[in-house]
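Engineer: Quick one: the structure is below, questions incoming.
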Amino acid sequence: MLLFSVLLLLSLVTGTQLGPRTPLPEAGVAILGRARGAHRPQPPHPPSPVSECGDRSIFEGRTRYSRITGGMEAEVGEFPWQVSIQARSEPFCGGSILNKWWILTAAHCLYSEELFPEELSVVLGTNDLTSPSMEIKEVASIILHKDFKRANMDNDIALLLLASPIKLDDLKVPICLPTQPGPATWRECWVAGWGQTNAADKNSVKTDLMKAPMVIMDWEECSKMFPKLTKNMLCAGYKNESYDACKGDSGGPLVCTPEPGEKWYQVGIISWGKSCGEKNTPGIYTSLVNYNLWIEKVTQLEGRPFNAEKRRTSVKQKPMGSPVSGVPEPGSPRSWLLLCPLSHVLFRAILY
């Protein structure tokens, strides 16, 4: 009887270790009438270390797209470079992981003089800003482009140096930098952010990461709509649809890939726009391809050098394909990706 009990116990332990994991429940809190579980589902295994930029090892191969009032909720690991920049624990801008020390964002997010770096934090490694598993990093330095012009938003780029390095894994991945711009390069582009999903309703703020598809426009065509457009800017939208990034998740990345399954590259930083979600009216982004040398110079001067040449990979010119998968068909319910600003916040920053 004792031997049988020992064998039974061993079989139960072995089964627990080697058997399939219990499927995770569906996610979340009720958002606009859709009831979901307390937290977003997490990956069914611990994150594994990664070093490749633009990689989405957890997300690749998954095809589920949750729609929130016609918008789209990002899947776990779909935008592992995305971060939330917060002041006194209040989200106000977005950003992206450049490497373990550096966060890339927009200068206009940090354009003032009185909030010290130690009052800022960066949240990463999660889609849900209420998740207990999110990682929070302190900021050591705020660095703005010295030629940023508030009047026309030229050179709208900034860097945050973290107080301690990020332990990169497949939920915290640096984004790649491109070597060339142009709509002919990119097959699929997205923006993502935390914020409002209805321009008229400031209470429609989300704690879950939302995403919207984008197509990069021809610069000459866009400059006819926006006379103050400079060569340091690019335009992106989704023709005949109301997808847009708007007030608030400024500083977040516009990311593209040349082919499904390949690496992702940050081609733009959410900067400004004429309106939110109007058909055939694009948003304006900082054209990141113009700033590789600036990034290298600044990071070198700050003692945490970033060598873009070692991280960039040339992407092949590809013809534009059909609209990306998971995008609602015309006529289906949808809403804008809207993002909320934080008012009356002042920053102390270094200019380079």
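Backbone N, Cα and C atoms are what each Cβ position is placed from, and that goes for glycine too.
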Engineer: Have a look at 239-261, 308-330 and point to the one annotated region 'Disordered' in Swiss-Prot.
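Structural biologist: It is 308-330 that Swiss-Prot annotates as region 'Disordered'.
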Engineer: Work out the three-state DSSP category of Cys93 (disulfide bond).
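Structural biologist: Assignment for Cys93 (disulfide bond) reads strand.
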Engineer: For Cys109 (disulfide bond), which of the listed recorded positions (Asp156, Cys189, Cys222, Cys235, Ser250, Cys256) have their CA atom within 10 A of its CA?
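Structural biologist: Of everything listed, what lies within 10 Å of Cys109 (disulfide bond) (Cα to Cα) is Asp156, Ser250.
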Engineer: Under DSSP, is Cys222 (disulfide bond) part of a helix or a strand, or is it coil?
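Structural biologist: It is helical.
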Engineer: Count the other Cβ atoms sitting within 10 Å of the Cβ of Asp156 (active site, charge relay system), across every protein chain shown.
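Structural biologist: So the number of other Cβ atoms within 10 Å of Asp156 (active site, charge relay system) is 28.
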